[in-house]
Amino acid sequence: MRIILLGAPGAGKGTQAQFIMEKYGIPQISTGDMLRAAVKAGSELGLKAKEIMDAGKLVTDELVIALVKERITQEDCRDGFLLDGFPRTIPQADAMKEAGIKVDYVLEFDVPDELIVERIVGRRVHAASGRVYHVKFNPPKVEDKDDVTGEELTIRKDDQEATVRKRLIEYHQQTAPLVSYYHKEADAGNTQYFKLDGTRNVAEVSAELATILG
């Protein structure tokens, strides 16, 4: 069961990735984690990646694909894996295909931009404990105060509206073209494509995923 998750930041991919990992026992492969692990391990690919990153450059698609290939041969990926945040672009998707990395399911989480902005911008965090609230969907008992300690809640830099809108623009420019790419792949019988309504509650989306993945 090899799965790619598509969807804008804030579309609920992380929550559902957790559900899939627990239900089906497959690992989530994050390219960021993989790069850090390779650098730490000092592997040949890791040393190459470190050299590029130390120079302040972006790691090449070829190098990331090589890391993905290496990662999916590990024992925990025997029954499959979950890719979130990769591929981000059509050249990356093409490179994956050329490297012989097959994908069984592409799952797109569809949420309108304005709802994503509302979801993210409304988040409030208690920095010390990591407790997360939402002004509309999960408000604290006392406005802007943590329920347990009564301490001030803060807004993460990533959750500020200008940052969220910038990330959405980047997503639509870079990653949205993958939707039509994987539709074509599905039409050619190379994968199965499903679009999920991410505006529903978590349990409803999880239930639909369980039906799709069996």
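The first residue you see is number 1, and the count goes up from there.
The backbone N, Cα and C atoms fix where each Cβ goes, glycine too.
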> Between 30-59, 90-119, which stretch does Swiss-Prot give the note region 'NMP'?
Replying inline: 30-59
> When you scan the chain for residues with a C-beta under 8 Å from the region 'LID' (122-159), skipping those not six or more beyond its ends, what do you find?
Replying inline: none
>> Around the C-beta of Lys57 (AMP binding site), how many further C-beta atoms are within 10 angstroms, looking at every protein chain?
In response: 9
>> Give me the CA-CA distance between Gly14 (ATP binding site) and Arg88 (AMP binding site), in Å, as a whole number.
In response: 16
> If you measure Val59 (AMP binding site) to Tyr133 (ATP binding site) at Cα, how many Å is it?
Replying inline: 35
